[in-house]
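A.B. asks: This is the structure, below, for whatever I ask next.
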């Protein structure tokens, strides 16, 4: 601790606390997590766990700087120093994007530059709208006199323009309010769909009263609110997203005490016309020093503070849904949802006609012809909104942002991990989430583009896929180190200053050995098996990852919407159809992927490797591999230049020591020598790479099937992201047959079939040509037959999208080969082409393999690998192991056995590196050149 200086306390809870520190004599910031222990043995155990976490090396994991024990009086403090992420956490970022997007698109973010313009703050919107809606001849005369030389015609024109601006601003605020109403439990929305026209007081000096149906009165003081909006120095947008108790009722709002009016009136001076914020059950209230408390004097409860960049706006409460000049029509959405899925609340906002007689006639509600026209032009409107999505959603996608104060409310930060689950799921109310109807015209910018919230409130597409890809890479590095995070959530995913993803908070991480049990994590992200207190493992992280992806796409933050997918799955209330309706049609693949990750059966969830090989990430992985290749070239070039310069400088120093006087000619010669040395070294480095490639190709083993040389061990230079693995499609089958045909050229079983092991010299000479024909015909037939019978055909592609490796898997329940009837028919069709002798050899091979498999284990509930092959030029890069790992890990999660049949010791060595062992050896006497058939298997570890 003597090396660090505490800057501020970030969070406290239970036995642990988090500090923002900086190293003495340095301005670099770090995050230090301290945990107190009474016993030295427990502290040492925690130290060992922290050291194992520090071994994880990944750019997408929060870096551990230092881990040490500090003796503090009678207690021991375990201190973990980690890098500080300037970008904050992902939940802060998502919520700030929500607020900034609305403010940006509504034009409210220019409020600071237009403080004198009454149309740009909430108070003047209310006042001007009421004045314009209640115009009469006396008010018109007053306005004309106050304007000096302006004529009555100019006054009426100004009033009309102001009225239009007010309606647009009201629509902006209404869109903002309607979005955040998704964070309000459904009970509080009952009876609030119809708004009542406000009554205007003739005396402008009195507070203006705005009354709504089924909600308490709100009193806005004309003078105080304007001053407060301009006098706030912290620039905080305040609003509320739920009520006080966990059981919500609209009657509680109606039957509130009379003193509530005075409280509301008092809170208006603090810019808080809000209800209460109900923190999720897993969050704890922590008072952070140096930050303003979220509890405002005179408010009815917790007020959520959102820091905005330019203004202070007192948002209309979503619970009370007051708005002037707007009316919400409660219509039935064509996309109805399930029992616990989000309630669809279409928001058709239309302008209300003013309630006064005036010479200027305003528009009324849309007529039947207008409605018909709107329906006819819906698709064009939808297409235009999709086309302009990049302009409407957050344009500053990758821009650095300051930490939002929304989660300065410590209730939104995590508790100590051992206390994170203390509320019963049954006590949590179901909450609606708003999916705006495409036909609802929110008219954010005051034009007729009919933009909707789903268009406005969405992460930029490229940023979304980049972030989830980086998160997956971070989780992959965790699982590769045999760890399970167990507390993946958006609050534990951080952003660096350059907006790169960093996964942190490993307080609940466990070493993966066998399956684990016990409840751990954050309720809204917990998988069903954890909620049911069953055994769990890495699939629990996959489930949490699916929850995070859902949050990032829909911006429905689960701790605020009070939604638990795990609980819905357990109760059988999860509606897949309604879930997919929250995604655009063009993004159906990501919806399907998330649904797979949220599968109730943990054995059916994809592994992190399978997720990374999804087609969604192909382009990103190609870009990353190209970038990594470029970095390697730059690094190699830079190192060679550095070495050449150091060598030349050493030569110059030696010459200086021998000669005291150096003339200009010698200097010129030495500089020329330096340049020449650089060129020579660069050429040498390039030539060395070519020599290595040639040596590699020359040293390739001719055995093209399952040998250590043909498959290759993963070398230190192997980069997984240079290749893409995926399941093959129908148009890939011909290329797959070619790869297998070339790879099995020297494989023992095909050597026997082609006659290469025969004692007859003439047969040996014909074996090369015959073997090529046999392999080509056999694999063309076999690959198509396996594809038709739903075998798993995996392929690995290089950066040019060329197929370089193929693996054929039979899934549990299959016999390991295509149906015998179909196979016999196909083989008999080859009889006229190859003759009876060749077909007899094929039959011998197949019967011996089948015998070996049955003698080992006759169960069909296994993953069996009949064929795998890699192109010759890629056999020493570890492509074979890379291609097989996803299915092997998938089998581990499903607790299934993996089997393969091999014919040589080299092939045994290859599979041993993947965890397979020889389970049975079948001695062979009737196959020349083959002494034994080995059945290798890997049983599930849990």
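Cβ atoms here come from the backbone N, Cα and C positions, even for glycine.
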A.B. asks: Examine the ranges 247-303, 475-531, 532-588 and name the one recorded by Swiss-Prot as region 'Disordered'.
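C.D. replies: When 247-303, 475-531, 532-588 are checked in Swiss-Prot, region 'Disordered' belongs to 247-303.
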A.B. asks: When you get a sec, could you say which of 192-236, 597-641, 642-686 is annotated region 'Disordered' by Swiss-Prot?
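C.D. replies: Residues 642-686 are the ones Swiss-Prot records as region 'Disordered'.
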A.B. asks: Of the ranges 66-103, 408-445, 712-749, which one does Swiss-Prot list as region 'Disordered'?
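C.D. replies: So the range that Swiss-Prot calls region 'Disordered' is 408-445.
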A.B. asks: Check residue 487 (active site, proton acceptor) against DSSP and tell me helix, strand or coil, would you?
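C.D. replies: Looking at the DSSP assignment, residue 487 (active site, proton acceptor) belongs to neither helix nor strand, so coil.
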A.B. asks: Report the mean pLDDT of the predicted model across the coiled coil (675-703), rounded to a whole number.
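C.D. replies: Taking every residue of the coiled coil (675-703) together, the mean pLDDT is 41.
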A.B. asks: Around the Cβ of residue 487 (active site, proton acceptor), how many other Cβ atoms lie within 10 Å? Please give the count over every shown protein chain.
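C.D. replies: There are 24 of them.
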